[in-house]
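Working notes for the structure below.
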C-alpha cells in the first residue's frame, strides 16, 4: 500500500505530460506579456488614464502579473526542459515561492480591496473629493496592502518559524513552503489570503451589480451610468476570471483543513493549482477588453495595416500588369 504522505499534494506532480504543460505555458505567456506591456504603456503614457483613481489598482495588478509572467513561467519552462529545478540551491526555491505564492496572493488582496473601492468611487465619490480624503481613502489602503504583503511573504519565506523542505524534482519546489503547515500561519494564509479575499471579491462584486441595477431603476435619483459603466464592467470581468479559476483551489484548501485525507483528490488539486496560472495569463486581456479606448486604438491599428496591405497589393498588381502589357501602357500614356 502506498503511504498517504507520499501521495500528498506537496509530494506529487500533476499527471499532465510535461511537454503539454511546456507548450501551454509558452503559448499563453508570450501574448500575455505583450498585452500586459501594451496596456501598461497606454495607461501610464496617457495623463488622464494615469491620474484616474480607478486605474491605480489596475496598474498595480498588471505590474504584478507582468513580473509573474517574466519570472515564474520562464522558471517553470526551464524546470521542464532540464527535468529539475536548476540551480539546485535553496535561494532558487525561496525566490520562486515568493513569486509564485507571494505575487499571486498579493493580486488576491489587491483585487479584494478593488472590489470594495469601486463602491466608494461609484456611489461615494465625495469621499475622494479632496487631496486629503484621496490620501486616506484611496492611496493609503493600497500602499498598506502592498507593504504588508511584501513584508509578510519576505518573513514567512526567508525567515520562517519552521524548516523548509526543498524538493528540486517537483515544479516550484513543490510550491509548499513550511509556513503553510504551521498551526497559526497556515490558518492565516488559508483564512485571510485565501478564503476571506475570495469572499470579499464575491460579495462586493455582486453587491456592486445589485446596487447599480437598483439605482438605475430609481429614476428619480440621478445615476451617471455612462460615467461609471467602464469601472463596473471592468471589476465584474476581473472578478469573474479570478473566481472561476481560484475558487476550486480554495475549496480544496478548506477541505484539507476540515479533515479531507491528504491522498484524496490530489490530482484534481494539482490541476486546479496549475489552472490558476491562467489568472495571470488572461488578466491583461480582460483588462484590455474593458478599456474601449484601447480596443478602438487596436482596431484602428489593424484597419490601417489592412489598408496598407491592400494598397501594396494593388500597386504590385499594377506593376505586374505594366510588365505584361508594356505596349498597352505606352498607348495609354
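Placed from the backbone N, Cα and C atoms, the Cβ positions cover glycine too.
Automated prediction, rather than curation, is the source of TrEMBL annotations.
Range with TrEMBL annotation transmembrane segment, chosen from 115-134, 275-294, is 275-294. Among the ranges 89-114, 297-322, the stretch that TrEMBL annotates as transmembrane segment is 89-114. With a cut-off of 8 Å between Cβ atoms, the residues of this chain six or more beyond the transmembrane segment (275-294) that come close are 25, 28-29, 32, 35-36, 38-39, 42, 58, 61-62, 65-66, 68-69, 72-73, 104, 107, 230, 233-234, 237-238, 241-242, 245-246, 248-249.
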